[in-house]
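Record features (TrEMBL):
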BINDING   B:ILE62, B:TYR63, B:GLN64  FAD binding site
BINDING   B:CYS222, B:CYS225, B:CYS237  [2Fe-2S] cluster binding site
DOMAIN    B:1-95  domain 'FAD-binding FR-type'
Amino acid sequence: MPNMSSEKVKMPEQDPIKRGKNFDEVALGYTLEQAIEEAKRCLQCKTKPCVSGCPVNVPIPEFIKLVEEGKIEEAYKTITKENALPAICGRVCPQESQCEGLCVRAKKGEAVGVGRLERFVADYYMENVKTENEEIEQLDIKVAVVGAGPAGLTCAGELAKKGYKVTVFEALHELGGVLMYGIPEFRLPKALVAKEVQTIIDMGVEINKNVVVGRSITVDELLEEGYKAVFVGSGAGLPKFLGLEGENLNGVYSANEFLTRVNLMKAYDFPSNPTPVKIGKKVAVVGGGNVAMDAARTALRLGAEDVYIVYRRSEEELPARLEEVHHAKEEGIDLKLLNNPTKIIGNDEGWVTGLECIKMELGEPDDSGRRRPKAVEGSEFVLSVDTVVIAIGQSPNPLIRQTTTGLNVEDWGGIIVEEETMETSKDYVYAGGDVVTGAATVILAMGAGKQAAEAIHKKLLELQV
Amino acid sequence: MYKIVDKRQLNKDVDLMVVKAPFVSRKCEPGQFIILRADDNSERIPLTIADYDREEDTVTIIYQVVGYSTQVLRTKEIGESVKDFVGPLGQPSELKKHKRVLGIAGGVGAAPLYPQIKKLHEMGVEVDVIIGGRSDEYIILEDEFKKICHNIYFATNDGSKGKKGFVTDVLNDLLDNGEQYEEVIAIGPLIMMKAVVSITKPLNIPTAVSLNPVMIDGTGMCGGCRVTVGDETKFACVDGPDFDGLLVDFDECMRRQNMYRDQEDHVCRVGLEGGQKNA
Ligand SMILES: Cc1cc2nc3c(=O)[nH]c(=O)nc-3n(C[C@H](O)[C@H](O)[C@H](O)COP(=O)(O)OP(=O)(O)OC[C@H]3O[C@@H](n4cnc5c(N)ncnc54)[C@H](O)[C@@H]3O)c2cc1C
Ligand SMILES: Cc1cc2nc3c(=O)[nH]c(=O)nc-3n(C[C@H](O)[C@H](O)[C@H](O)COP(=O)(O)OP(=O)(O)OC[C@H]3O[C@@H](n4cnc5c(N)ncnc54)[C@H](O)[C@@H]3O)c2cc1C
Ligand code: SF4
Ligand code: FES
């Protein structure tokens, strides 16, 4: 019996008041019964519109069918043929603009909860099924991967599946990239990231943490050392600032610093963990993407009483995932829309006391198709705050482009690649993920990693014959 | 894991540690630093590379025990390991083939100064050095410096070694005596570097300083280490840590360095037990 309800089966969630004070996951996930019920909402469309919205082509109706039949292990295998990190993607993909955005059911009511089902399958599998590794025929060919974010890990996993000897070089002491240091625990539990990353390592990938490529070793040296190809997935980690007066005052953070202190260095557990973070009573977060939402909700959980999001366009243009905006509002984050910061104000001791903003209105659409915000003259006002978090985006770290010969880059720093193959201007060097696109999404980074793995495989095979 | 192959206490507050770290030792140059985590629940703390041995794959660090993480580091013995050790980070020092240079070190600042002076010596530059400390006991690396510098001067707060007073008192004396230096390299507490610059700036003597803002990643990712040099914001971990001292906004640096002062005091009071209870 198909389930013709116009709404998704409700996802159990932590109470908004309670969760504003803890770092436990907000959305609790379906039970087996709820998942089967939701799976029955899928019409099994022959044309599979949902799949065309998925950057890595997960066979969506097929896996949903298997869920409906209660065959969760098979459903997991169906997903992981195309997507190595389903527990993560089920939680953080912007489904509303990908698979679910194209779902036929969305025309009348809510789309099928593809993300929720994907998450369920991955969680259920990890909890209930013992994994065993298949024997892979080993090739004696070394490939290096720079960066252990979603792009690098996916590329490494795909190449390992094909039998390559893959070594990942990661600058930090943890694997996962933004998944580990950026996205907070309450949205993506770190133990789960570690588990999903482990499934990739178990394919036989060698890991070298604490190696900063460009400093500890360069891309050129990797090639000299016998790596036949190098994939660069170093992400977009360089924080942008506004260039405003007062930006170096105490109490002004980049979102990266704020979130890294809390997530990677576990400052939320201070002083049991020795890394501190300073959070005031009133916090302004500048920006409107996932990063801004995460910073705001983290500040709330660390005890801030008033948390504002300052964003220069209107709610419609907020780039964050719908679900995160919804959750943030529920938790009491105050969206100060159509406002642009103009100055950060401090006291004599050099601590932030306020954020001066100017009101904005929307004019004609600009190149991005969104209506261009314009300042309303003379409308400045001061938001009284003691912490400011700047979350207006990141660009690629310059280290690799500065230390690699023959690598062509855009003026904003992104590495230039062939769209099909992810090959850079340098022979045998490939790149993908945020380092190519600028700050984007987990799934696009994974898609790029996968595409590059295919291309590397093809190229190195050619070499052998 | 990175094995500790040698360790020695230089004085009550300062230890020297030699760590096996091939990726760092093969590439590092004077002026660069590493970031380490002593164990699973430690902070990431930056320490300058005081020396290295490319054949043995080792790196020497010299650290002052000031707070939680350096206390944890002190508990590690030869044969044990530190958990993470990443580098080399930062820009190598720009060492010019001058005729005559003056190095000035305050306290544990002698450690980062040493590799620069050693390199200058190898380049054939004549170097004088002033080393300052609270008392005789806190002067480190005296023998090592003596081997490579022309003149060595001391300043101690209590007068137990060299001049009673600050390194800047010695600097003033030297300049008053007509000594000429093409460059000064000053490394120590911010307040000391600021005082040195207040003397060299009016005389227009190029002065390099090494800044030590609070850092996390050390790769340009967090932006926490930002400092103002001239009119520009720089990230000390990737643009520095050495900067033109005549252009540095020291007051801002000092302010930012104290951002976590009250919380750090708290951890110190909680002490090692508090931090390790969930180790
Ligand atoms: C707070 C936050 C929230 C987000 N929320 C979402 C979301 O809900 N949904 C979504 O789809 N996307 C989200 N994103 C975006 C998403 O996380 C990124 O698009 C994705 O992680 C990019 O993957 P990547 O592999 O290209 O880079 P990264 O994840 O940045 O990984 C790069 C890795 O390379 C390492 N590295 C960098 N330089 C070097 C070097 N020189 N040598 C060695 N290693 C190096 C880094 O340490 C890092 O581990 C969010 C991002 C942030 C910051
Ligand atoms: C590039 C660089 C090179 C350095 N080289 C040396 C060295 O060779 N020898 C040495 O003894 N010290 C050096 N330091 C300082 C050293 O990093 C700090 O003393 C150490 O981090 C203190 O840690 P703690 O937990 O023991 O003390 P805490 O109690 O945490 O802090 C005491 C003080 O140390 C500073 N500090 C704390 N955490 C950091 C951090 N992550 N980054 C920078 N400063 C911090 C702050 O000013 C703080 O007020 C260097 C710092 C930098 C940035
Ligand atoms: S579009 Fe929606 S209903 Fe159709 S197959 Fe995909 S998920 Fe099922
Ligand atoms: S330490 Fe994070 S940017 Fe310098």
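Residue numbers in this text run from 1 along the chain shown.
Including glycine, each Cβ sits where the backbone N, Cα and C put it.
Quantities reported herein were computed from a predicted structural model and do not represent experimental measurements.
By a Cβ separation below 8 angstroms, chain A lies close to these of the binding-site residues B:ILE62, B:CYS222, B:CYS237: B:CYS222. Among the binding-site residues B:CYS222, B:CYS225, B:CYS237, not one has its Cβ under 6 Å from an atom of ligand 2. Residues from the binding-site residues list (B:GLN64, B:CYS225, B:CYS237) with a C-beta closer than 6 Å to any atom of ligand 4: B:CYS225, B:CYS237. Long-range Cβ contacts of B:CYS225 ([2Fe-2S] cluster binding site) within its own chain (separation 6+, distance under 8 Å): B:PRO213, B:VAL214, B:MET215, B:GLY218, B:PHE235, B:ALA236, B:CYS237. B:GLN64 (FAD binding site) sits 25 Å from B:CYS222 ([2Fe-2S] cluster binding site), counting Cα to Cα. Apart from B:ILE62, B:TYR63, B:GLN64, the FAD site neighbourhood in this chain, defined by C-beta within 8 angstroms of the site C-beta centre, holds B:LEU10, B:ASP13, B:VAL14, B:ASP15, B:LEU16, B:LEU47, B:ILE61, B:VAL65, B:THR70, B:VAL108, B:ALA111. Counting residue by residue with DSSP, the domain 'FAD-binding FR-type' (B:1-95) contains 11 helix, 44 strand, 40 coil. Between the alpha carbons (Cα) of B:CYS222 ([2Fe-2S] cluster binding site) and B:TYR63 (FAD binding site) lies a span of roughly 24 Å. Packing around B:CYS222 ([2Fe-2S] cluster binding site) is summarised by its Cβ count: 28 other Cβ atoms lie within 10 angstroms of its Cβ, all protein chains included.
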